[in-house]
Amino acid sequence: MKQLTMKPSNPLRGTIKVPGDKSISHRSVMFGSIANGTTRVEGFLPGADCQATIACFKSMGVSIEQHSPTSLTIEGVGWEGLKEPEELLDVGNSGTTIRLMLGILAGRPFYSAVAGDESIARRPMDRVLDPLREMGAKVDGRQGGRFTPLGVRGGGLKGIHYQSPVASAQIKSCILLAGLQATGETIVEEPHLSRDHTERMLRAFGVEVNSFSGGVSLHGGQQLIGKDVRVPGDISSAAFPLVAALLVPGSHITIQDVGLNPARTGILDVLHAMGAMVEVKETGEWSGEPVGDITVSASDLQGTEISGELIPRLIDEIPIIAVAATQAKGKTIIRDAAELKVKETNRIAVTATELSKLGANIEETPDGLIIEGGTPLHSGICDSRGDHRIGMATAIAGMVAKGGATVENATAINVSFPGFAELMAELSEK
Ligand code: S3P
C-alpha cells in the first residue's frame, strides 16, 4: 500500500471497532515480560510499532506467543530473568518502545545496543537519558550521547526526584520503570498530567504507585506479577473515523469499546466545544481503564482555541483536529503544542504543508497552528512522510476534498491502524 487514494465519500454509516490502544499494547508486552508469571493479552494492536516491542523482548529471552494478531501469551521472566540481547534491539519507528525500554535497560546488569529507523535517529533521547544518567545509568550515543544508536550498560541505579520540563508519558514512564529497579524512592513531577496508562497497569500488576496532584512516586525493589490484560480500542485511531463522520454530510456512526481514559479524551472535549454531535456511553472498565461507545453524527462545526492542560490530552490528535478545523466556521488556534515538533515528523510543519496542498488555509506558528476554517478543499497529492497520523489525517481530508486526494507513502498507516483503508471503505458503503 504505497499510495492510498480517497474519493469524496458517501455518508458514513455503521457500528465499528478500532484496533487496540497503542500505548496500552506496548505496556502489556513490556510489563508482561518483566513480571513474574503469565500475562495473556486480548485486543493487542498488531501494528508495526507494537510488533517491534515484541521482537525486542523476545531478543532478551522472553517467550511471547502470538496466537492471533490480537492475542498473546507472555511468559514473564521477572526483572532478573531478562537476558543480555545478542543482537541490536531494533525499535523501528516507535518512540514509545525506545523510551520506555530504556527505563528497563538502564537497571539491568548487561550491555544492550538500541536503534530504530531514520525518524527515531532524529528524535531527542536526552529527555529520558538525562534523568536516567542522574539515576546512575551509563548510556552513550551519537552527538554527545543524545541520539541513536545508543549503547546501554545498566545497573546500580538510585531513586531521583525529577521535575520534567514537559508533560510526557514517555519520560514519566521511563523514569518510573528505572525507579522500580533503583534504591529508594523515585518521584516524577510534570507540568500537566500526561497519559497515566503506566501507573494504572503497574497497579494492576501489583505494584504500589502513589499518584498525587502534579506527579507520581514509587519505591524501588518492587516485583510485578503477571496479569491478564484486555486492551480497549485506541481513541487516537477512533479520532479518524469520528472526524470523517462529522465532516461527511448525512453520516452517523458508532465506535464501540474505545478507551476513555480522561488523560486521552481531550479530542472529545474539543469536538464538543466545536459544536459536534458526539455522544459517549461508558460501558465498563478493562484492566483499570474506562471503556465505552462513541456515537457521532455529521455536524456544523465552529472554530475553537486549544492550549494548556488540554494539549497532552490530545497530543496525537492534532493533525486530525486540524482537518476538522479546515471545515469549521471561523478560526481555530492551537497553542502550547511545541512537542509536536519532535513526534514521528515535525507535525506542526508537516500538517500545515500537507493540508495546504489540498487548499487548506493553515499557518504554522512556533508552538501550534492557526487554521482559517470554512475553506473548501480541492484534490491533490499528499505525502505521509512516513508518519502514520499524517497519512490518516490527509486521507480523511481526501474524503471531503472535491476530487479526493492521494496519499503517498501510505504504508506508514500500518504503524498504528492496520486495516484503516478497508474500515473507511466499509463505513462509506453502508
Ligand atoms: C505515548 C506518549 C505520547 C504519545 C505517544 C505515545 C505513550 O508521547 O505522543 O504516541 O505511549 O506513552 P510523549 O510522552 O512523548 O508526549
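Cβ atoms are placed via backbone N, Cα and C, with glycine included.
TrEMBL: automatically predicted annotations, no manual curation.
Per TrEMBL, the 3-phosphoshikimate site holds Lys22, Ser23, Arg27, Ser168, Gln170, Asp316; the candidate it also names there, chosen from Lys2, Lys138, Lys341, Lys343, is Lys343. Predicted-model confidence for the domain 'Enolpyruvate transferase' (7-422) is 98, expressed as mean pLDDT.
Between Asp316 (active site, proton acceptor) and Arg389 (phosphoenolpyruvate binding site), the C-alpha separation comes to 8 Å. When Cα-Cα distances from Ser168 (3-phosphoshikimate binding site) are compared across the binding-site residues Lys22, Gly95, Arg123, Arg347, Arg389, the shortest belongs to Gly95. Counting only the Cα atoms, the space from Lys22 (phosphoenolpyruvate binding site) to Lys343 (3-phosphoshikimate binding site) is about 15 angstrom.
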